[in-house]
Amino acid sequence: MDAIVLLRSAYLGAAGLVLFVFAVPALRLRFLDYGPRSTGTEKKYDTRVEKQGVSEGAVGTLLDKLAELRVPHSWFTSFYAVSVTLSLFWAAELLVGGPSFQAIAQHVPSTDLSMSFSQVLVVWIMMLGQGSRRLYECMAISKPSESRMWFGHWALGILFYILTSVAVWIEGIPAIRNHTPSTQDFLIQGPSARTFISILIFLLASGFQHDCHAYLASLKESKKPDGGAATSHYRLPEHPAFSISLTPHYFAECLIYLSLAIAATPKGGLMNWTLVTALVFVMANLGVTAYGTGQWYERKFGSDAVKGKARMIPLVF
């Protein structure tokens, strides 16, 4: 089977799964909340299900048991550790034509629509930069939290980064096969207009997201009552970015993957459709999370806190 088709199908299938879980109240209320929105979820979701008239029984009991499979929210760090590790692994594989690369390459048909080797290098650097920055943020900026996320959400995130470590170069296999490493690879040449625009979007979105993450971390105040465990208190964001979107850091994430799809466009193509399907998953996954975030803000801070603000993408959603 064509590995590119398989990869695209995996992204779209995962996006469809997320939207399906979101569309079914019995699943959405049990499995989608995480981070601060999940605080107390293990104890409260059953009441919310009952209020919405979701039938219980054997199926409900099974779903309850599955919903209890939760991991610490700090496990988010593993997403980016996997991303960075695999970026480095595939760099070595691509340079020497290793067995893992060959195993995938033999399932990609020959085509004239291929990324150039320089494109592969640029997009690989962008993905490595994204993974490294997020790993740094998780380790140095994020504050300890008692919140938890469903195990399936964590597993889907790991799968996404495994797939994306391949997606950034899979449409450049013809160029990789025909390329002989040399010192010329280290020469800096003027970028094309498409590459320049994509890198500009990537850098601006990355900086914007980092600023949002640092600001959100500053809002989380950990207090430790005498003789008690530390608890977290969240304040309403007042950063200008949050005046137009409740989740501007999610919007920035979408822009980052859009920039990858633009930068990795094969010669003669409109976009890199493999990375576009990755973007579809990112938008679906973060979109349903942004929806829940909007509800959480409204419950915690009141309807005025969300009035006139997009949930994720300004003027769109």
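Note: Cβ is positioned from N, Cα and C throughout, glycine not excepted.
A TrEMBL annotation is a machine prediction, not a hand-curated record.
Annotated features, as they stand in TrEMBL:
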DOMAIN    193-317  domain '3-oxo-5-alpha-steroid 4-dehydrogenase C-terminal'
TRANSMEM  6-27  transmembrane segment
TRANSMEM  75-92  transmembrane segment
TRANSMEM  112-129  transmembrane segment
TRANSMEM  150-176  transmembrane segment
TRANSMEM  196-219  transmembrane segment
TRANSMEM  240-264  transmembrane segment
TRANSMEM  270-291  transmembrane segment
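Broken down by DSSP into helix, strand and coil, the domain '3-oxo-5-alpha-steroid 4-dehydrogenase C-terminal' (193-317) contains 79 helix, 8 strand, 38 coil. Among the listed stretches 6-27, 75-92, 196-219, 240-264, 270-291, the one sharing the most Cβ pairs under 8 Å with the transmembrane segment (150-176) is 75-92. Non-local neighbours of the transmembrane segment (75-92) in the same chain are 98, 100-101, 124, 127-128, 130-132, 134-135, 138-139, 142, 149, 154, 157-158, 160-162, 164-166, 169; each lies 6+ residues outside the stretch with a CB under 8 Å from one of its CB atoms. Taken together, the residues of the domain '3-oxo-5-alpha-steroid 4-dehydrogenase C-terminal' (193-317) have an average pLDDT of 89.
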